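S.K.: Here it is, the structure in full.
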Amino acid sequence: MATVQEAVRPAAMQQAQPAIEVSHLTKAFYDSEGDRVTLAVSDVSFSVARGEFVCIVGPSGCGKTTVLRILAGLEEKLSGTVKLHSATPPAMVFQEASVLPWLTVSENIAFPLSLKGVSRARQDARVRDMLALTGLAEFATARPHQLSGGMKQRVSVARALVDDREILLMDEPFGALDEQTRLVLQQELLRIWETTGKTVVFITHSVDEALTLADRVLVMSPRPGTLISNLTVPFERPRDVVEMRRDKRFWDMTYEVWRLLASPARA
Amino acid sequence: MSAAPVTLTEDELRRLKAPARRERLFRIASYFSPLLLLLLWELSSQFNLIDRRFFPAPSAIAGTAWRMTVSLELFQHIGATLRRVGIGYVMGAVPGIVMGLILGLSRPARRVLGPIFAALYPVPKIAILPLILLIFGVGDASKFVVIAIGVFFLMFYNTMGGVMQTPQIYMDVARNAGATRFQTFRRIAFPAALPSIFTGLKLAAGSSYIIIAAAEFLGARSGVGFFIWASWQTFAVSRMFVGIVVISVMGYLTILALEALERRFVPWAKH
């Protein structure tokens, strides 16, 4: 059973055609007041296969968010190349509450569609699907200030999925949530990913979140951020986020990643 | 989560609820405390503790107000003032909001045009009233303009501040969703600035009445400001007080109306 699932994993199947290719990416910031240059990302290269779920893990300030913002086109790179093989621009799920407070849940989800002159009927149909997919059906007309942090992040995910882009970029979307809510949303995200088949790049500072979700984990060193490891996560899919914690390999890998992150020599 | 059944004694419950009961009493008292001031004034005037020529008793002022209401004399002045404030307010608020949005969103526009507004803003609006009378004449046009100028700057600075305080993440959301510049302007910057815009609208309403009162003192044949000034010149003190109360109430009601609009259009902000 497990081997069959292994075989149909999109990552294993379509390794040949990458969705994202990043090579020698470097990014620095210049602070004119202190005349200081900060090297945020240094010579980062990786690629992500179509339909693959990749997590980038690293300590705060290691430049992982910067990498994601460059992929999203929200930040200019300094040098290197970034290639996205996709017909649509990537959709982003942001770190903190990015839900627009003046719109209802439905209006927030419809936002990307409403900008492109999609018909009302089509918008409503898509929003209904997204509400159902993300478990928000009862909250369609709620205002963001009436929602919990977890619910708001569901709205962010729904909004990123609504116009069906091929690549999904997630910037520590569950970072501010409590552990229980986080586990629930991780399970939901896996279910959504399995039904939509998106290419996902997911940033997190949590090692076990990365191992729970990803096909592959890229480990970044502290600033200036550079890739120090590229680990394939062996667990079969579909995954149960609680059950997989009984697997000894989960803890062995957790240990391995922690050792990498803790090593001052940057293996 | 289910609440445990209440098993507190009478006395415990009484002590538990005591602060809330006191709070209710204070709230009731807060409605009446301004009336206490009025009562003090009435008694002082009745017993000649203050000069009745300058401070007629509130009851006497109320009597004058009643006669003026019945004779409809007041309404003509209220109407004239309201028309000037209303038209001048809109003439100032609309361009103030638009310029505030533009300069708030565009750093180059802010760098280049910002200093012009910064230089003009501190000029007292009343100080340039003679100049405005010279240009626009003694008719209503000059009143519209002087109010519009006062309102413009308040709306401009409040709107620009609101836009500049928009969390960057909302801008990123718009950009990632593929918003054009105009869509970012209308769908993000404007709603994000709405709470500040309403703050500006309320401040501007207050300042409009200050400006119109002064403008009507100097160059008008109607309006509440004219009425106050004319009453003072004929030493009709209780009529003058009626004018003062009327214009204060007009300002108060305007702000209440704006607050109602704010609750309607900015339901996400805390009030």
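Here the Cβ of each residue, glycine as well, is placed from N, Cα and C on the backbone.
Curation does not apply to TrEMBL; its annotations are automatic.
Values in this document were obtained by computation on a predicted structure and should not be read as measured data.
Sharing the record's features from TrEMBL:
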DOMAIN    B:78-262  domain 'ABC transmembrane type-1'
TRANSMEM  B:86-105  transmembrane segment
TRANSMEM  B:117-138  transmembrane segment
TRANSMEM  B:144-164  transmembrane segment
TRANSMEM  B:209-229  transmembrane segment
TRANSMEM  B:241-261  transmembrane segment
S.K.: Can you tell me which parts of the same chain pack against the transmembrane segment (B:117-138), counting only residues 6+ beyond its ends and a CB-CB cutoff under 8 A?
M.R.: 99, 103, 145-146, 149-150, 153, 156-157, 211, 214-215, 218-220
S.K.: Can you work out which residues elsewhere in the same chain, 6+ from the ends of the transmembrane segment (B:209-229), have a Cβ less than 8 Å from its Cβ atoms?
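M.R.: Beyond its ends, the transmembrane segment (B:209-229) has Cβ neighbours at 74, 76-78, 80-81, 84-85, 88, 125-126, 129, 133, 138, 142-143, 146-147, 150, 239-240, 243-244, 246-247, 250-251, 254.
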S.K.: Residue list, the transmembrane segment (B:86-105) vs rest of chain: Cβ under 8 Å, 6 or more residues beyond ends.
M.R.: 113-114, 117, 140, 143-164, 166, 184-185, 189-190, 193, 197, 200-201, 204-205, 208, 212
